[in-house]
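The annotation active site, proton acceptor is assigned in Swiss-Prot to Glu93. The active site, S-methylcysteine intermediate annotation in Swiss-Prot covers Cys338. The [4Fe-4S] cluster binding site annotation in Swiss-Prot covers Cys113, Cys117, Cys120. Annotated S-adenosyl-L-methionine binding site per Swiss-Prot: Gly160, Glu161, Ser190, Ser219, Leu220, His221, Asn295, in sequence order, evidence recorded as sequence analysis. Positions annotated as disulfide bond by Swiss-Prot: Cys106-Cys338. Annotation comment: Swiss-Prot describes 99-333 as domain 'Radical SAM core'.
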Amino acid sequence: MKNLLGSSINDLENVALDYGQAAFRGRQIYNWIYNYRNKNKNIDQIEVLPLDFREKLKVDGFKVSELVIKERNLANDGTLKLLLSTEDNESIECVGIPTEKRLTACLSSQVGCPMDCKFCATGKEGLKRSLKASEILDQILFIEYEMNRKVTNIVFMGMGEPLLNIDELLLSIRSINNDFQISQRKITVSTVAIPKMISKLSAKSFQILSNCQFTLAISLHASNQKTRETIIPSAKNYEIKNIIEDCKTFVRETGRRVSFEYLMLSGVNDKLEHACELSNLLKGFQCHVNLIQYNQIDEVEFQRTSLKNLQLFQSRLVNNGIAVSLRKSRGLDKNAACGQLRQNAKSK
């Protein structure tokens, strides 16, 4: 352990003891990291620690932050997109989405993404690597400092496929819950759905977190297998009917309903027949549908569905007994909305 971010009180007490310090020095480090949320995440800034202890930690390579801000982009609606650089000079983006009572942090779990969904900017440049838990957590601290308020909600809907980084994902969730004091019920993990990984997520959550109270969101985006394969190449490996069965098992094991994300693409998946197919697919188990308007990116020719089609689609789902919401896009003027995050500054 060299990065202190993500460490528990016990971890930090042990660090202090290893250096011949009293255990309370570890608690001081813990308070400095999580309770004060300092921007200067530098060992030198922990002035409550003896100077010689700080120097030894620095010499031995301990640190609190690995990321550096490269760009800040503030949208007209108050949404903030940050372009961050890692120690190995890769780039990731994260987004702070404010409302009057909440600040939602949209976090990246990987540098890039291997899934290559046809409507999403992130996958156009492929996957570089997965993020460490400390790099995931650091995004929260930067959002909080830049927006001068505490994050209340977390969505893993930034760059990357979270279930392909499942161990670091769950370690970060454990720290978000235990150390950042954000309830699991205010955390959403979004996945395009990877074979066998939904059941693995449930099992590993009980191992690492002792329970599973976060929300699982499936990026479904289609009501039938043929359509899904045209917009999500990886869908060829995981049929919709199997995704639904695995989600039903997840609900039984965790007691948590599943959300299904459905991006409305004009002429592709927005007809009433698609709404009927989706209703039949989801009928009979605990779930919720989020309808999302498409956010334009340069490389593809998909178009937003009309507001009329969106409303008709929603009404048909409601009439068929499906719980549904319309998700409002935020940060559009700064390419900070769903599907628009990238690895570099081209997205400005």
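Note: Cβ is positioned from N, Cα and C throughout, glycine not excepted.
Calculated from their C-alpha atoms, the gap between the residue listed as 'active site, proton acceptor' and Cys106 (disulfide bond) amounts to 9 Å.
Counting only same-chain residues six or more apart in sequence, the Cβ atoms lying under 8 angstroms from the Cβ of Ser219 (S-adenosyl-L-methionine binding site) belong to Cys117, Ser190, Thr191, Val192, Ala193, Ile232, Glu261, Leu263. Within 10 Å of Gly160 (S-adenosyl-L-methionine binding site), as judged by C-alpha distances, the recorded positions found are Cys113; the full candidate list was Cys106, Cys113, Cys120. Rounded to a whole value, the Cα-Cα separation of His221 (S-adenosyl-L-methionine binding site) and Cys120 ([4Fe-4S] cluster binding site) is 12 Å. For Cys120 ([4Fe-4S] cluster binding site), the number of other Cβ atoms no farther than 10 Å from its own Cβ, over all displayed protein chains, is 26. Nearest in space to Cys106 (disulfide bond), taking C-alpha to C-alpha distance over the binding-site residues Cys113, Cys120, Glu161, Leu220, is Glu161.
Taking Cys113 ([4Fe-4S] cluster binding site) as the reference point, the binding-site residues whose C-alpha atoms are within 10 Å of its C-alpha, out of Glu161, Leu220, Asn295, are Glu161.
Of all the binding-site residues listed here (Cys113, Cys117, Leu220), the one with the fewest other CB atoms within 10 A of its own CB is Cys117. The maximal spread of the S-adenosyl-L-methionine binding site, taken as the longest Cα to Cα distance among Gly160, Glu161, Ser190, Ser219, Leu220, His221, Asn295, is 19 Å.
Here Glu161 (S-adenosyl-L-methionine binding site) is positioned 12 angstrom away from Cys120 ([4Fe-4S] cluster binding site), judged by their C-alpha atoms.
According to DSSP, Cys120 ([4Fe-4S] cluster binding site) sits in a coil region rather than a helix or strand.
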